[in-house]
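**Student:** Grabbed the feature section from TrEMBL, which reads as follows:
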type: DOMAIN; residues: A:1-239; note: domain 'Tetrapyrrole methylase'
type: BINDING; residues: A:Leu9, A:Asp84, A:Gly87, A:Ser112, A:Ile113, A:Leu163, A:Val225, A:His250; note: S-adenosyl-L-methionine binding site
2 protein chains.
Amino acid sequence: MFYFIGLGLGDAKDITVKGLEVIKRCSRVYLEAYTSILTVGKEALEEYYGRELILADRDMVEQEADEILKGADVSDVAFLVVGDPFGATTHSDLVLRAVNAGIKYRVIHNASILNAVGCCGLQLYNFGETVSIVFWTDSWKPESFYDKIKRNRDMGMHTLCLLDIKVKEQSMENLMRGRKVYEPPRFMTVAQAAEQLLEAVQNRRERAEEPAITEDTVCVGLARVGADDQAIRAGSLREMAECDLGAPLHSMIITGHLHPLEVDMLRLFSSPEGLRGLKMTDSSTYVS
Amino acid sequence: MFYFIGLGLGDAKDITVKGLEVIKRCSRVYLEAYTSILTVGKEALEEYYGRELILADRDMVEQEADEILKGADVSDVAFLVVGDPFGATTHSDLVLRAVNAGIKYRVIHNASILNAVGCCGLQLYNFGETVSIVFWTDSWKPESFYDKIKRNRDMGMHTLCLLDIKVKEQSMENLMRGRKVYEPPRFMTVAQAAEQLLEAVQNRRERAEEPAITEDTVCVGLARVGADDQAIRAGSLREMAECDLGAPLHSMIITGHLHPLEVDMLRLFSSPEGLRGLKMTDSSTYVS
């Protein structure tokens, strides 16, 4: 059997009892290490599970999938993914290869940032499409995330923004010279994401577009959701650009229409003036 | 400390190691028993956790919240929720009461149906607003879910439909006579949800509306996601109305635009003619 096992968010103990039992009996255990991270590293997981883990980077999963699946028809092999195995990335390619090779597979689910963000008090029902915000470069500043947020807000929906992770990236120079030298990993912060969003807001303003988002739009910044030291901050987009939520991973929510109960919850995570931008549109709806 | 602990989906062993450790040391443990169910009941959980559980129905959570929170400032109390504690329902009222009473709280996350549906191969990124489909009665047949699905499909997005659960409902007669006699619990099946959707489609057709959904629209029926005997079926809406996916809980997805890799995954769960309704709109998109 080939097991896809979610590790949840936080640390080693966020695995499910079922997942841990499977890991202990598998012949090989892979750790997918490019779509997300926990607050603890590979060594801490190995110690807690009592098993050696094989680090699976993107190249390995894409190019050596058959190697990963090898023997899973006669013994048990596990593939560990931070969050839920089918959360941010569906590992569809691995599933399809397994099925085609006559290998049975099973999924052991866990929390994903896509549902855990509910802890800030915003109703998951009221979220529209999830967007990704990538690191801008000097020459590449895509704004497609802005249009998706606008579309969600036009319908009153909140938007969860997943922030960029750069792991095992090569500098342009090393890439061109074919040198397998990698840059240190980078994880986009809420402040960086807010900066890019503010720049997009300004660009739209210069093009005289009707503003879908302003500096006062209420946002929520989240860091290390599920960990002991998780941080949640609610406030204006301007405040987000100045906040320091500490170590990765960060995510950001751009709110849509807010129910009074959602506002009450956000106040738990805001400064006294943090939700100043809110205007009541009717007795049951706020918008910023 | 007051702990909100997600039980995940499936059975007793789908709890996280962290969650189980907390349960074992709490002075009281409540089981929220009205927004979802596992494939095992309260007794099986009590046996596995080695703890007595106090069943918390909606009345209790809404009317005796202070009783639930009592003593959580000096000892540990746990409140267990199937799925993620802030998944389908945010227990915001309990959080706010705890904070107001000076009680610290923590959330231990777990899988929710909102992210676990990714196991069918549809990208969670491509889901729009989640909708609820409630049991129609002879005199009350709300179609608001149809409009939300239409709105999602217009944007190419998939729609997760959460299906109605009726627990501790009273018959009209018992309600009027003030008799606390409850009907057996009812859980909407994929077939029942599809029947209601087909009726809504027919109603719109009679009103000469442009059809957003037809009998051939590709849907996915899911039952007992995360359990050993989970069932996933992909096919037309017409097929969904005739399928029997067994015991609860069921959910249904109405697809939007499909990426070829999503179609490949859905084929794992469909009959040979199940995805007949698919038409290619361009080289990377199918729609039904």
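Cβ coordinates are placed from backbone N, Cα and C, and glycine is handled just like the others.
How buried are these features, and what lies next to them?
**Tutor:** Under 8 Å, Cβ to Cβ, and six or more positions away along its own chain, A:Gly87 (S-adenosyl-L-methionine binding site) finds A:Gly6, A:Val81, A:Ser112, A:Ile113, A:Leu114. According to its DSSP assignment, A:Gly87 (S-adenosyl-L-methionine binding site) is coil.
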**Student:** Near A:His250 (S-adenosyl-L-methionine binding site), which residues of its chain come within a Cβ-Cβ distance under 8 Å, counting only those 6 or more away in sequence?
**Tutor:** A:Leu163, A:Phe187, A:Met188, A:Thr189, A:Val190, A:Ala193, A:Gly221, A:Leu222, A:Ala223
**Student:** Including all protein chains displayed, how many Cβ atoms other than that of A:Asp84 (S-adenosyl-L-methionine binding site) lie within 10 Å of its Cβ?
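**Tutor:** The answer is 34 other Cβ atoms.
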**Student:** Filter the binding-site residues A:Asp84, A:Gly87, A:His250 down to the ones with a Cβ under 8 Å from chain B's Cβ atoms, keeping sequence order.
**Tutor:** A:Asp84, A:Gly87
**Student:** What kind of secondary structure is A:Ile113 (S-adenosyl-L-methionine binding site) part of, going by DSSP in three states?
**Tutor:** helix
**Student:** Over the domain 'Tetrapyrrole methylase' (A:1-239), what does the predicted model average in pLDDT?
**Tutor:** 93
**Student:** Through the lens of DSSP with three states only, how would you label A:Val225 (S-adenosyl-L-methionine binding site)?
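**Tutor:** In the DSSP reduction, A:Val225 (S-adenosyl-L-methionine binding site) maps to coil.
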